[in-house]
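Student: TrEMBL lists B:1-27 with the feature region 'Disordered'. TrEMBL lists B:35-54, B:66-92, B:98-115, B:122-142, B:148-168, B:189-210, B:241-260, B:295-314 with the feature transmembrane segment.
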Amino acid sequence: MTQQARDLSRRRLMFGGAALGAGALLTACTSNDASAPEGQTKVADASAAAPGKPVTIGFSAPAADHGWLAAITTNAKAQAGLYSDVTFKTVEAGADAPAQLAALRTLIAQKPDVIVLLPHDGKELNAFGLEAMKAGIPVVNLDRAFPDALAYRLQIKGDNYGMGVSAGKYIGEQMKAKNIANPIIGEIPGIDSLELTSERSAGFKAELATFGFSVARRIPAEFTADTGRVAASQLLQALPKIDAVWNHDDDQGIGVLAAITQANRSEFIMVGGAGSKAAIDAIAADNSVLKATVTYSPSMASSAITLARLIGQGKGMSDLVELQVPKEITLTSETITKENASTYAKLGF
Amino acid sequence: MSDATATAVAESPQHGGATPPAKGGRWRGDLGESITRNLGLLGVLALLIIIGAVTQPDLYGDSSWVWSNVLSILQLASVVGVVTVGMTFVIIGGGIDLSAGAIVALAGVWATTVATQSYGAAGMIFTAIIVGTIVGLVNGVLISYGRLVPFIATLAMLVAARGLAAQISGKQTQVSANTFINGIAANKFLGIPILVYIFAGVVIVGWVLLNRTTFGRRTVAVGGNPEAARLAGINVKWHSLLLYALSGLCCGIAAIMLTAQANSAQAAMGNLYELDAIAAAIIGGTLLSGGRGTIIGSVLGVIIFATITNLFAINGLPVEIQNMVKGGIIVAAVLIQQFRFKSVTQFFARNKVTTT
């Protein structure tokens, strides 16, 4: 892009912004009339999907003990299978960060074109990202962000904070609609030592605060049905009356719902997290306390493979104007309720 | 301390002094003796209940809530409790079973596979128990006849069984669609959850087995002194093998209970249950080197852990501190036991000489 073109575009943006402030009519005029310099606009073409240079994608995700993680690996593999020009090499990450690091080193030795990786913890594997990038292998970080911007070519992740906000918003609105002034709200997060958990809780807390509400009790589980059951039974015991519960994860939600049924409690509404098939079905059926779930879809793994392929081939995303894949992509967290459950059913895992 | 108190303590059956050594082992006591010996644990439990009542007077003031909380604690303790009964036998017999949690996962996952679920509740229960027992038998064979150290053999099984569980479940949470199985956790009989009856049943059978049968006497003998046991005509290898099978059997029962509670099974279920069970047994006075231990003590250990978890949840305290407290209790329990069984015995034995 020439200096002149850049200046032009900036000026156009500034003008557009000013016009927006002045009035809608004026904005319409400016945006319609101004013709953009060449290369600043385009209509999507199909060239990105056409077979191109062969790309080997190395993939690593923690050993799945959980539906969401299992779906991540399954999706990645399936998406890679859709491209005739992609060779997919997967190494399992083992039980912890050092084990994943060891597995990734064997992957580097196989010289893939791109590495897609869901780290146990982004902070712990940041050094690996730096190392691989230095060795000329672009790294696509899936979901658990690296703190160092030099450690990755692309980061694609769910919106953890936004997930908390969506859950808080739904609960807040429901409480307002029911005219409950001081609702008793419980929270069952997942593994508490993960940054994503604190982001989710922070978003939840902040959004609830806008309604003047707060969390009465928060008992963490470990993302499994078994631990969710224990946490929920303790939460129910601690709070004899509850108005709403946010459970961060639909897989652990199986256990949470079991505990709620066993305790014979139904005076509250529950919101889930992630968007599992079982949760979407339960919301559609509308026969339990689960009334909504906020998405954190493992479909991001499929997108990560698609983008890794484009990075390997030096292509951009055909709907974007940019010639290359952007550096950061954060999905939005949507709220699935009885009304829109059918739309999301196909994304359930 | 007055002489009178010292005498009273010395003559109490706490360290076996006042109880005539029974055939096959001096720790083969009756229920009353078990309770006396576990007075310390009952004291800890009472203390925890008082702490609960002081910190949450509103909740503890409501008798229906207190009753539901007692049931909640018992339900929380039930699954680990069943694993602990099996573990207590293995430890008294001089071994250790690190694979218990993994066996729970494997048995649970196997019982919830589509193939097994299609045979109904009986099929699922049978599968879980058989799978648990077989894995226990494999442990036993490796240890008794393969001459592997129990620590190594069961550690290997821990890894292998979880691996197999992950393979069978396709790394997914397998939802149990069986209403009878799910009902084991959801239903009550005379106001008490079915799970608590199962827990109580296993405890009673375990207590009778340890205290009232040849099998129990042999377990104590094998753990206390394997060579002496062998010379006394006990088939030590065969007996150890049975102990691991028994532990596996308990894990199979626990797997069904856990599946019922969570309405599902997955490869990560029962995570670290082996450590909870070992900790509970040790708190309950079971000697890690074998030859001594009680079922009642182990059960109290499990209930104390469950009460702590409950207490922390009710007060909204973080899990990290809860784990620190649990760690502290394990250390304190072992220290107290060492003190009780060595120093105190000697101290009071000396005092007893001077006062009588």
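Using N, Cα and C of the backbone, Cβ positions are placed for all residues, glycine too.
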Student: Counting Cβ pairs under 8 Å that sit 6 or more residues apart, are there three or more between the transmembrane segment (B:241-260) and the transmembrane segment (B:66-92)?
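Tutor: Per Cβ check, the transmembrane segment (B:241-260) touches the transmembrane segment (B:66-92).
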Student: Among B:35-54, B:66-92, B:98-115, B:122-142, point out the range having the most Cβ pairs under 8 angstroms from the transmembrane segment (B:148-168).
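Tutor: Looking only at B:35-54, B:66-92, B:98-115, B:122-142, the most contacts with the transmembrane segment (B:148-168) come from B:98-115.
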Student: Using a Cβ cut-off under 8 Å, which residues of the same chain at least 6 positions beyond either end of the transmembrane segment (B:295-314) come close to it?
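Tutor: 31, 34-35, 37-38, 41-42, 44-45, 48-49, 51-52, 55-56, 59, 69, 72-74, 76-77, 80-81, 84-85, 87-88, 203, 206-207, 210-211, 276-277, 279-286, 321-322, 325-326, 329, 333.
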